[in-house]
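J.: As annotated in TrEMBL:
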SIGNAL    B:1-34  signal peptide
BINDING   B:60, B:88, B:191, B:209  molybdate binding site
């Protein structure tokens, strides 16, 4: 073994990385009050309503509430449609993020703004817009119905579409940010090795931004899971077909708040379990 | 000082550790300001009405109550009627949760009961109108719907209100009474949602209130059906216990129940009680 | 020091990599390890390292012929490069001179504004980077962090159409050649700087480029590793049968690795030639500083060179017309008082502007009649009582100066 074969013989970018703050020195060096107080306030603000929900949960009737078939039906549909919406968002949203981050075209700034529009649009309006576009009488939906006999409103596919509509911007923004932070020279390196732009994307860029895609997918999934307005407007509310958990919770709230709390609790528990699981797996490994 | 104001103050005191204190002061002074104005008018004993009346009313009352509110303000200069329209259930939940309201007009006795059960009403609620169901269909009736039974035709997309909201409960009652089993494509969260689906031609028919069909103008047509008589909704109105402007509020309720008020309401499609 | 190291796994004939004897391996495997005699013929580079005389143009149908013009706001690169197969050309220049831009233009990563680029007679200026027979070793290597060393090297052959197994076998052979057979499965972050550099070189070579580009190949390494890697890199470049162009701002790297230096400043070539020639006859202050010479420009009249502003320098060469005069700092002798016995030629009254240690010696920067750098021992510096602002007399023997036409 030559001396340079010893790891650590060089101080290139590949070795000698500063070790991340394991020493904990950052924690000991007093936290400034102007950051600490609002931070704690924010935490309390975010957790208090959840705590209240737990405190007011009718624990005695909870088993009865949770054994009803309708709850599981809604939960199953929610998980299924949120996952499908996330898949749609990833398949279509990652390429869009790439276009926004890596290509130049006129009006790109405008396109980026338009992409984020569903974030600010009230979801109910989004649902109406989807009806106007994809409904039985909509701009595109008219032809879908006439040519293929496909109508999307009041179907589970409609739920997926409504959820993807509100969730995809989260993914696109997250992935675009990751792409912008990723070193584009890796793509150049791939090009000099004979990779076309698509091959470079598939074999180099995509693996490099995988953590960002995962984070974006988790955000999109969470948003889709909680989606209410666009779903009920575009897909309606029918148990087993289009009634997701948030719809069930809202309608239960009308005359049986206890049931609503129980349903919310189930949704919370499931999402915490899934998000915590994903976080451990993907988001902390980088 | 009303309970809600006290509660508000308490919450604000909790939150007001920092800059929020300024806002808290502002909020308190505003509420005590309006309190003072109503207090002085009460103390003076003058027959002249003044101040603001806050009315929580079912969404179906929007057009007619807005008209009555304008009429009231014209008759009693110096008064102001402010409305909060919404689903009766949500409104009831807001009232029991401490929302500052003087009058509550609900779309069903059941939702009114949510308020009276918590002893939030100052007196017994009185039924002031009734509402009957109708089938809303596309203009020109392309699917030839003439009765409730026709909604069972295959291929017809029907939306109902969810059973948890008054129009859904009423529709279910009518369907049960006539022994029809109907599978809609959707149970909507409120009557406007059901109507919108027909207005946008996504659904072919919806079972909604007469007043809603009327309010939708020529975007939908209404088909009356005899079974609707079995499911007529009473609309109760009540003065609330925590009313800050009880005298003016009472006067507004009187206007709603007067012949003059009834004329406006029946014009919108409501039935006399 | 610049010779191949006599020991180590790289210089002994490596055992054939596992799988190298499998069928179909030979035609597409890496070139056979250099056995000194094995590379004779057209592609081989003379082992002596003596390149063609600078300025000779290679045959128009082989090697590199490039005129690179890249316009940027407030910057224009305009350089002409030619090289024959087997040549190693170093682009040397200060930061911002346009070296990396030239490299990127050769690779196709930066489009040419004007000019042309021919490699072995094929015009490439409109060819996208992935279709150019060009391999690049990037400054910080840019090894794909999610792939093992083996898959990094196999990436190129895969993209150029090799099957998965074939590409991996080829990559394994390349790693073996680089002495990295034991690190095939390692991720880049677990490689030392020197190992990463060799993986990057293997990755670039695995596509069998006709033009190999190296961007500051040693800049990311520390001084000790650099010595080792430089020697190895020199050997690998010597084996490489096509054109290699490397970019560096380090004159030592350039002189050790390249047969020919092209010095670029402000986007233009200011001097090119064999390393020894450039080291002896610098033509700009930048190069003079790099090679450690005092350089002056003037007009010669027999043995006297009159500097443009300033005094005259007596030289041994007999020239006339515009010339450069150069002498090393070590040729300068300093005196506290005017030396009485010395002749008045090449004697200047100066003042110490600054002092810095330079190895085991002291380098004094002087201003005054003539601005120059002088080297002296620590003892001498102490005896002279040198300190910034101190007046000194400086002399240089005519025999230690070197004058050449400008």
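Every residue gets a Cβ built from N, Cα and C, even glycine.
Show me how these features fit into the shown structure, please.
T.: Other C-beta atoms found within 10 angstroms of the C-beta of residue B:88 (molybdate binding site) number 30, with every protein chain shown included.
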J.: In sequence order, which residues at least six apart in the same chain have a CB under 8 Å from the CB of residue B:60 (molybdate binding site)?
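T.: Non-local contacts for residue B:60 (molybdate binding site): B:107, B:131, B:191, B:209, B:211, B:212.
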J.: So the record assigns B:60, B:88, B:191, B:209 to molybdate. If I measure every Cα pair among those residues, what is the longest distance in angstrom, as a whole number?
T.: 14
J.: To test your reading of the molybdate site: which residues beyond B:60, B:88, B:191, B:209, same chain only, put their Cβ within 8 Å of the Cβ centroid of those residues?
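T.: Once B:60, B:88, B:191, B:209 are set aside, the remaining close residues are B:58, B:59, B:107, B:131, B:166, B:167, B:190, B:208, B:211, B:212, B:233.
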J.: With every protein chain in view, how many other Cβ atoms are within 10 Å of the Cβ of residue B:191 (molybdate binding site)?
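T.: Around the Cβ of residue B:191 (molybdate binding site), 30 other Cβ atoms lie within 10 Å.
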